[in-house]
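Chemist: Next up is a structure, given as structure tokens.
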Amino acid sequence: MSGPLLSVQAVHRSFGTGPAAVHALRDVSFEVEPGTMVALVGRSGSGKTTLLNVIGGLDRPDSGTVVVDGLDLGGLDEDGLSRLRRERVSYIFQTFGLIPVLSAAENVGVPLRLARADPARREQRVAQLLGLVGLDGHAQQRPGELSGGQQQRVAIARALAASPRLLIADEPTGQLDAETGLAVMALLRGVVESEGVTAVVATHDPVMMALADRVIRITDGRVTP
Amino acid sequence: MRIRWPRLHWPSVRGRARADAGPLLLTAGVVTAVVLLAGSTPPLIRQTSDDATRDAVRRAADDAAVRVEAEWPDDYGPNGGRMRSPQLAADVSDVAARAAGELDPTLSSALRPPVTSVSSVSLMITDGSVQRRLRLEYLGTPTGQPAVTWVAGRAPGPSTTDEFLEIPLAGPPWPVQVGLSEADAAALGVGPGDRIPVQDERRTPYDVRVTGVFRPADATDPAWSAAPWVLQPAANRDGLGSTRIGALLSPESLPDARLALRSDQLTRVVRFDADPTALTWQSAQALATSVAGLKGGSAVSAERDPSFKWSTRLDSVLADLRDQIATTSAQASVLLLGLLAAALLVLALTADLLTRRRAAALTTARHRGASLPGLAAELTVEAVAVAGPATLLGLALAVALTGSASLTWVAPFVIIALGAVPAFGTVTAARATRDRRTPANRSARRRQRHTGLIRRVALDAAVVAVAAAALVALHQRGLGAGTGGDGALPAAAPALGAVAVTLLLARMLPIATGLVLRFALRSRHPLVLFGAARAAATSARVLPAVALTTALAVGAFSITLYATTQRGLVDGAWQTTGADARLDISSDAPGSSAGVAGRIAAAPGVRHAVEAEVNDNARFIADSTSVPARLIIVDTEAFGRLLADTPLPGLPASAALTATRDGAVPALVRTADGSLTPGVQFRLPVVTNQSIALTAVGAAPALGSGEDTVVIDSRTATAAGLTVEPNTVWATGPGAAQAIRAAGTDGRLTIRTEVLDERRTAPLTSALARLCLIAALVLLGLSVLGFALAAAANAPARWETLARLRTLGLRPRDTRRVAAGELVPATLFAAVLAPPLGALLAGLAAGPLGLRLLTRQASPPTTVTPWWTIEAVTLAVLVVALIGTVAAESATRRRRRLGETLRVGDR
């Protein structure tokens, strides 16, 4: 398929009604080509997370269209959105979002379980991804036994497990120290290239911006040049 | 030094209260409900005790009356004859006045005005008709004789105009004038001017003349209760088949009756009937002391009239009642403590929920410089604002319901309710700023874990030790005084036992959920894994499992206690009656019962009827020691068949009882002190220096009140030389009672169903049954509440996990299954553990609880566990709680955007 992997057109999203309404997104439009890494930057409250939620189908826009990998999210019901997230879109969160009682390998395998992947293929893929993020020797450790950076690596591996087309990361280095954050950013950059995935990363970090193929600035809910 | 009081930040207090209005209202609701229950139960027990006191005294009737018998002074005249005393009626009244004067105010206020009676022995009426006996009766009250209307003739008058007459001792019968009621006159077929031919047991004739026939102005006048046969012929008062008729003496004819009869043939008795309406349990206790003093003093005190002989069984009636009330109070306190324990655990869950919801706000406040005393004070103010009005409301409702409220159990509960949220919140705030980071190296982390483990084990050991001490105290001391004081520890044994066992097993939950997680990892169903993972993540929290399981276990305990009591009452009624119906024939008329059992057995609706001789005052000799016991001589073969038709234990094979062994008559024995046990050789003395050798071959069934009993076969007894005179008939079958009535044999009929109904509806028994059921219902409600609170406490983490899984592609409808999967272990834990734990605790406590005092059984009732009911109720409650909680959460989640949940998680 040619064309943009992600197309956001004239998206509006507001919360509340009347004078107290908060306009989180106003007429946001942009496109992202496949295999690129886009840094979404803006101040706190500028609408970055709202935009990521809309892109990933976690939230629906009041108006406008979002097309991911050729799928218009507006036409999908809840099950369709779930399928989208299971097969085409993955998330990486600031707080990692790992299941504490599962090992690193088991956490990475969660999307594959949801996709009902064959156990053998799952184990193979998990091992491959843990190797990719540099955690070969930590497969059986639980999140509590890993450092913050290692946990985020596990989260990245998990996000890649189902071979998504679009990777959405919301402040992925927000809870990490500078050095670890840098390593995670480099890893993200690497997996975008090695896995051929498209990534939209919300960040404040100038290093991340430098690593991105493109930077989209958002101010008060509007994409600014 | 100046004390610095913590400064309160009122906007924070208001803000927190507004944000957590729901849980705070829930807390207020729980406090109100528990205060209502805890505050109203003691007054209700008191009221029930009062009702029971009145009921017991009412039922005791004759036994509760206080009687004083006054000896007659000599009436010998100067010539050796007997002097007529025209003022005898006034003397009798004076006796009543003097007796009333000897009563202390406590006793006096609980007794009705005295009824004085002068009664002759029963004289045989010799008119050749059926067996009838006559008694001469003089009745008096402080206001005079009971009012009558003379419908024929006139009132009895003096037999002589010479008031101060002396008659010779061996003279002719002295005439006595009497009046008869219409019914008695009709029964005798006499009227004014007729004589009633009577003679005493020495065949000495008496001259009794009827002067009139009367009609009572008020047949319910208490005066007549002293001699009801004066109004109506009374059956079986003087032996089987006999009828007693009373002849009324007047104040004028009383001196003649004194002359006509020997001194030992006429007794004067002042009877004070207990007034149930004037009694309360508290006054009854003082009354028991007064009665004991009166009875003791009547024999020895020189200050009292030595001619008075006081007698009453009121003290033993009250002693029995005291035991029953103490037992019931103690049982109520056990249930109440179980309920309070469950309520406290639920309150702890509420405090935990509130603290979790506020953790972030408290941490922020602490980071911004709020002092711990300040935060504690703010939380305390909030707790007082919530629990204070709730407590007052609960107390007001208790007062409205019962007229008063007790603070005995309310106070400690409210103190804990007030302290829980501030304590939890302050600890959370303190932890937020405690500079205790996770150690970097493993050994330090291990040491930290070990320290935590040791603290936890110490806490668990303390709980187990207290529970063990309570259970030991319960078994060694019983429940003692019941509520409060020394009785509190043993009374808390079931609740503490439930908490301790649940706590220990809840500590194993993480192991179990870990195992389940291992299995789930092998499963191809991701939902199973996610549910198991959430369950494993939350299973280390023991409070929800302990609260839920304790509430359900104590609920099961209540239901088991209820079922055991109800079954015990049924068994007790069987024991008391021995069959569906029993006829006790007076031993005064031997031989008259011959064939009665056969007639009853032939009646429709009767399956078995067996006659026996029952001697309650038999004495046996075993090892040169006299052993008093009830002797039952019965056709053991027929008796065995009859017993087999009842739930009572049966008899050994009749061959064992009908064949003599080395000349000894085989017998079944039952003695409380073990003086007669199977294998023992003993003897039954029959006449001076003669006895029948007996050998105990088995255990006798517990019949009656469980007295010591010896059963021998009637044929063997006859062969051994005993004369068997049946005086009891037992019958089974739906028509047993009717058949006994229809048999036309006079005697005392005891019907099992009536005994059972009477006991079931007795105030103490019915109150305990109601309390068991109410406690069970409240505990089930508390368990549902505990379940919901525990689920709510984990809801934010669960929602976040589910939201994360949604971002990975979990379908919305599957989130409910995962949420249910997380809650299933606690549900299963409670479902599996609570019913057997409740039943086990009921089994352990049934004996020390003294239930047999209510069920009137010889031994503690067998614990009856209604497994199906308990399991069904427990499962129903848990399933409803689980489905309801998951559905409510799901509905709430639907109202929140997924992104919103994730943002909350990211904060």
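Cβ atoms are placed via backbone N, Cα and C, with glycine included.
Annotated domain 'ABC3 transporter permease C-terminal' per TrEMBL: B:774-889, in sequence order. The transmembrane segment annotation in TrEMBL covers B:21-39, B:334-354, B:375-401, B:407-432, B:453-475, B:495-521, B:542-563, B:773-797, B:818-847, B:867-888.
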Chemist: Mind checking which residues of the chain, 6+ beyond the ends of the transmembrane segment (B:407-432), have their Cβ under 8 Å from one of its Cβ atoms?
Modeler: 27, 31, 34-35, 38-39, 41-42, 336-337, 340, 343-344, 347-348, 350-352, 354-355, 358-359, 362-363, 365-367, 370, 372, 375-376, 379-380, 382-384, 387, 391, 394-395, 483-484
Chemist: Among B:21-39, B:375-401, B:773-797, point out the range having the most Cβ pairs under 8 angstroms from the transmembrane segment (B:334-354).
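Modeler: Checked against B:21-39, B:375-401, B:773-797; highest Cβ contact count belongs to B:773-797.
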Chemist: Three or more CB pairs closer than 8 Å, sequence separation of 6 or more: does that hold for the transmembrane segment (B:818-847) against the transmembrane segment (B:542-563)?
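Modeler: The answer is yes, given that the two segments have at least 3 Cβ pairs within the 8 Å cut-off.
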Chemist: Considering only Cβ pairs within less than 8 angstroms, which of the stretches B:375-401, B:495-521, B:542-563, B:867-888 has the most against the transmembrane segment (B:773-797)?
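Modeler: Answer, by Cβ pair count: B:542-563.
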Chemist: Which of B:375-401, B:495-521, B:542-563, B:867-888 has the most Cβ pairs closer than 8 Å to the transmembrane segment (B:453-475)?
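Modeler: So the stretch in question is B:495-521.
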Chemist: Work out, from DSSP, the number of helix, strand and coil residues along the domain 'ABC3 transporter permease C-terminal' (B:774-889).
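Modeler: Each residue of the domain 'ABC3 transporter permease C-terminal' (B:774-889) counted once, the result is 96 helix, 0 strand, 20 coil.
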Chemist: In the same chain, who gets a Cβ under 8 Å from the transmembrane segment (B:542-563) while lying at least 6 residues past its ends?
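Modeler: Contacts of the transmembrane segment (B:542-563) (Cβ under 8 Å, skipping residues fewer than 6 from its ends): 331, 335, 338-339, 341-342, 345-346, 348-349, 352, 494-495, 498-499, 501-503, 506-507, 509, 769, 772-773, 775-776, 779-780, 782-783, 786-787, 789-790, 793, 826, 829-830, 833-835, 837-839, 841-843, 845-846, 849, 851, 863-866, 869-870, 873-874, 877-878.
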Chemist: Counting only residues 6+ away from its ends, which parts of the chain sit with a Cβ under 8 Å from the transmembrane segment (B:375-401)?
Modeler: 6, 8-9, 12-13, 16-17, 24, 27-29, 31-36, 39-40, 43, 362, 365-366, 410, 414, 417-422, 425-426, 429
